[in-house]
Structure formats: C-alpha cells, structure tokens
Amino acid sequence: MAASVQQQSPHQSELTLQGQGFNNEKSDIEDGITQQPVKPVAGSGAPDGGLTAWLVVLGAWCTSFCSFGWINSVGAFQEYYQNNLLRDYSPSTIAWIPSLQIFFIMGMGPIIGKLYDSYGPRWLILVGSFMHVFGIMMASISTEYYQILLAQGVCSAIGVSAIFQPALSVIHGWFDSKRGAAFGILSTGSSIGGVIFPIMVTRLIKQVGFGWAMRTCAFIILFLLIIANLTVKSFTPPRPQKVSGAQMLKPFREPEFIFCTLGFFFFTFGLFIPIDYLPVQALQAGVDPNLVQYLIPILNAASLFGRIISGILGDKIGRYNIFIVVCYLSAIWILGLWIPCNTQNGLIAFAALYGFCSGAYVSLIAPLVAQISPLQEIGFRSGIVFFVSSIGGLTTNPISGAILEKPNGWLGVKVFAGVFCLVGTTFILAARVHRVGWGIKSTF
C-alpha cells in the first residue's frame with residue numbers, strides 16, 4: 001500500500017495528518033487504527049532558496065564544522081593520548097573517550113529531538129554551544145584520565161548533540177527539491193573541520209602544548225557557534241503537543257523505519273573504526289610519522305566531495321539508492337583494500353577512497369529518515385535513529401581496542417569494521433526494497 005501512495009510534500013503531509021487528527025489530543029492511533037506512513041514529496045511551501053534559507057544553511061554548516069568536524073579528528077587525539085598524555089592506559093581504556101563522545105552525540109537524540117519538536121532550535125543551540133566550548137576548555141586544563149573523559153567525552157559531547165541535531169532538522173522546513181543539495185553543503189562543514197582540526201591540533205601541541213592547542217580550538221568553535229546562534233531558525237514555529245505512548249511506538253510498526261534504524265545501528269559499529277584507528281595502525285606499520293598526521297585530513301577531505309556529490313545525486317536518482325551504493329563500497333574498501341595494504345601509498349589510497357564513500361553517512365542519514373517520516377515527527381524519529389546508532393558508537397572503539405590486544409589484532413579489527421558496514425547497508429537496502437521493490441530504476 002505504501003508504494004502506491006501519491007507523493008506529497010512535507011507540508012502537505014503535515015496538513016494531511018492534522019486533518020486525520022494526528023496532532024489532536026485524541027488521534028486515530030489512540031483509537032487503535034494503524035495508519036501507513038505518509039511520504040514527503042515535492043511541491044511544498046518550502047522556500048527552496050532565498051537569503052534567509054541559505055543563511056540557515058550557513059549556520060548549520062558552522063554547527064557541522066564544530067560537531068562532527070571535531071569528532072572526525074578523534075584519530076589525532078587517540079594517537080596523542082595513547083603515546084603521550086595517557087600512555088599508561090590501554091588502547092581500549094583510552095577508546096572510551098571518543099566512544100562516549102559518539103554515544104552522547106547520538107544517544108541524546110530522542111531527548112533533543114523531542115525538545116526540538118516542541119520548542120525549536122534556539123535554546124538548544126545556545127545551551128549546546130556553551131557546553132561544547134566549556135567542555136573543551138576544561139579538557140585543556142585536564143591532566144588525569146577521568147578529567148578528560150568527563151570534559152571531552154561527556155560535557156563537550158552533550159553540547160555537540162544539542163547543536164548538531166536541531167541544525168539538521170531545520171533544513172527540512174526550508175528546502176524540498178533542493179534538500180539533498182542543502183544537506184550535502186552543510187555536511188561539508190564536518191569534512192573541512194575534520195581536515196583542519198587534526199592538523200591544527202597536532203602542530204599546536206608541538207608548538208604551544210596540549211592546553212593551548214585545545215583552547216585555540218575552543219575559541220574557533222565559539223566564533224562559529226555565535227554565527228550559528230544568529231542564523232539557524234525554524235521555517236515554521238514550534239508547536240508543543242502531548243504525545244501518547246501509542247504515537248511514540250508508531251514508528252516501530254513501520255517496516256521501513258525498523259529496517260532503516262537497524263541499518264544505521266549496525267553500520268555505526270564499522271563506520272568510525274578507520275577514523276579512530278588509521279593513524280595508530282599506520283604508525284605501527286612503519287609509515288613516516290610526518291605523513292601519518294595527514295591521513296585523517298586526507299580521509300575527511302575526500303569525504304567532503306563524497307558528501308556534496310551524494311547529496312546532489314540523491315535529489316536526482318534517490319537518496320536511498322545513493323546511500324546503498326556508496327556504503328557497500330565503504331565496506332569493500334575496508335575488506336578489500338585496508339586489510340591487505342600496510343604500505344604508505346596503500347593507506348593513503350584507502351583513506352581517500354573510504355573517506356569519499358563513507359561521507360554519505362553524515363550527508364544522508366537525516367534525509368533518509370525524513371523521507372519515510374511525517375514532517376512534525378522528523379525530530380523525534382531522527383532522535384530514535386541517532387540513539388540506536390549511539391550504542392554502536394559507544395561500544396565499537398573499546399571492542400576494537402580489546403581485539404587489538406589479541407593475536408592478529410589488526411586483521412580482526414578490519415574484518416569487524418567491514419562486516420558490520422556490509423550488514424548495516426543491507427538493512428538500508430531492505431527498507432528500499434520494502435517500499436519500492438527491487439527495480440533499479442526506481443527513484444527512492
């Protein structure tokens with residue numbers, strides 16, 4: 001039935017659901033009637049451009065730079081902590097720092113999503129900006145493991161969650177036919193941040209020490225988040241509403257949403273392993289340390305192009321179609337290239353190819369959820385997906401660290417990452433097949 005529903009815009013979807021009583025205190029769902037998800041489509045009242053809309057994208061770009069751009073540099077911190085500040089701790093213990101960052105960024109999703117749906121982005125981004133900058137400043141004066149864990153792994157990460165998800169969610173109201181392009185542009189912020197932060201942190205640590213390196217990053221983030229606070233706004237005003245238990249469970253009755261959630265859950269287990277461990281593995285493989293510091297920037301620079309291209313192509317030939325292709329390629333690069341290659345040139349090639357393909361994850365995760373969700377539920381549903389994904393983000397690095405301590409540890413880590421990327425992408429494929437079938441010409 002879902003495949004035959006006439007395509008509607010996000011704003012038309014919202015009006016349709018209001019007409020069905022979805023936003024009323026007593027809805028059809030509460031009466032026990034199960035409804036099919038309404039598909040958002042073209043022809044909405046979204047501006048799809050204009051100065052204000054693109055200023056919103058600019059602000060969202062700043063949050064992307066300061067959030068996932070910062071997180072994409074964790075490989076540089078893993079290498080520094082493991083070989084310097086926290087060298088007395090095992091790799092799996094140190095790995096809890098980036099793991100907690102990923103967990104809180106995604107795990108706060110349902111809470112942040114519900115607050116966004118009810119109150120909009122303004123206060124979330126303001127409070128999140130303070131916590132993110134404060135956490136980094138506290139990390140700059142930390143000397144013990146638990147201090148860095150709390151400052152960088154908890155406080156800063158909660159702040160990142162509060163700025164990143166609302167900035168993503170507002171785009172749905174401002175753009176419709178150009179939505180993929182808008183997401184592709186804003187997601188380049190994380191790629192550029194992932195290029196700049198690792199190089200800057202590595203060089204500043206050598207020149208001025210760890211403390212001032214972190215404080216310099218905090219000042220840059222503060223400046224960009226001021227811009228975000230001034231420009232990011234919702235297209236439609238928030239409407240606080242009561243949500244029943246039946247409404248909260250409704251997404252879990254929809255096969256496409258279940259498949260999509262499982263896909264991101266499994267894919268996250270593999271996604272961050274190359275980002276976190278590529279510099280460490282390269283050093284152990286004998287790669288020139290002066291080159292190792294550029295591997296993560298190379299990966300993130302390649303992901304910049306991957307995010308832009310996947311967003312634009314997603315608008316034209318289907319976001320699910322693009323995501324499935326490039327994420328299968330990500331798994332292939334891990335299993336077919338990273339495993340056999342331990343040479344300098346091979347690792348550079350892997351960083352570039354994996355970065356380009358895996359860039360679609362950040363660019364398309366929100367549009368994929370939005371494509372199968374009513375407009376007024378996008379924040380909540382995105383939050384569910386982020387929360388489920390956070391389980392993988394929390395556990396994958398400590399698991400990888402434990403695998404490294406075994407014989408043939410690097411082989412085990414690479415197989416672990418590649419297999420989970422394969423499994424996750426297959427569930428996304430299942431969501432597509434359930435909605436439009438196996439036809440390769442279907443735009444979805």
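Every residue number used here counts from 1 along the chain in the order it is shown.
Cβ atoms are placed via backbone N, Cα and C, with glycine included.
Note that TrEMBL annotation is computational and uncurated.
The structure displayed is predicted, hence computed values, not measured ones.
Annotated in TrEMBL:
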- 51-73: transmembrane segment (TRANSMEM)
- 52-444: domain 'Major facilitator superfamily (MFS) profile' (DOMAIN)
- 93-111: transmembrane segment (TRANSMEM)
- 123-142: transmembrane segment (TRANSMEM)
- 148-168: transmembrane segment (TRANSMEM)
- 180-200: transmembrane segment (TRANSMEM)
- 212-232: transmembrane segment (TRANSMEM)
- 257-275: transmembrane segment (TRANSMEM)
- 295-313: transmembrane segment (TRANSMEM)
- 320-340: transmembrane segment (TRANSMEM)
- 346-370: transmembrane segment (TRANSMEM)
- 382-404: transmembrane segment (TRANSMEM)
- 410-431: transmembrane segment (TRANSMEM)
Subject >> Chain residues outside the transmembrane segment (295-313) and at least six past its termini with a C-beta under 8 angstroms from it >> reply: 69, 72-73, 75-76, 180-185, 187-188, 190-196, 198-199, 274-275, 278-279, 282, 322-323, 326, 347-348, 351-360, 362-364, 367
Subject >> For the transmembrane segment (148-168): best-contacting stretch of 51-73, 123-142, 180-200, 257-275, 320-340, by Cβ pairs under 8 Å >> reply: 123-142
Subject >> Non-local residues, at least 6 beyond the ends, that sit with Cβ under 8 Å of the transmembrane segment (346-370) >> reply: 10, 40, 64, 68, 168-169, 171-172, 179-180, 183-184, 187, 190-191, 257, 260, 264, 267, 271, 274, 278, 281-282, 285, 287, 291, 295-296, 298-308, 310-311, 314, 319-320, 322-323, 326-327, 329-330, 333-334, 337-338, 340, 378, 381-382, 385, 428
Original post:
In the same chain, who gets a Cβ under 8 Å from the transmembrane segment (51-73) while lying at least 6 residues past its ends?
Top reply: 98, 101-102, 105, 125, 132, 156, 160, 163-164, 167-168, 170-171, 174-175, 182, 185-194, 196-198, 201, 217, 221, 224-225, 227-233, 275, 296, 300, 303, 362
Subject >> For the transmembrane segment (320-340): best-contacting stretch of 93-111, 257-275, 382-404, 410-431, by Cβ pairs under 8 Å >> reply: 410-431
Subject >> Of 93-111, 123-142, 410-431, whichever stretch has the most CB pairs under 8 A to the transmembrane segment (382-404) >> reply: 93-111
Subject >> Residues from the same chain, set at least six apart from the ends of the transmembrane segment (123-142), whose C-beta lies under 8 A from its own >> reply: 63, 66-67, 112, 115-116, 148, 150-152, 154-164, 166-167, 210-215, 217-218, 221-222, 225-226, 228-229, 232
**OP:** May I ask for the residues of the chain that lie six or more residues beyond the transmembrane segment (93-111) and have a Cβ under 8 Å from a Cβ within it?
**Re:** 67-68, 71, 74, 77-78, 81-82, 86, 145, 148-149, 152-154, 156-158, 160-162, 164-165, 268, 272, 276, 380, 382-387, 389-391, 393-398, 400-401
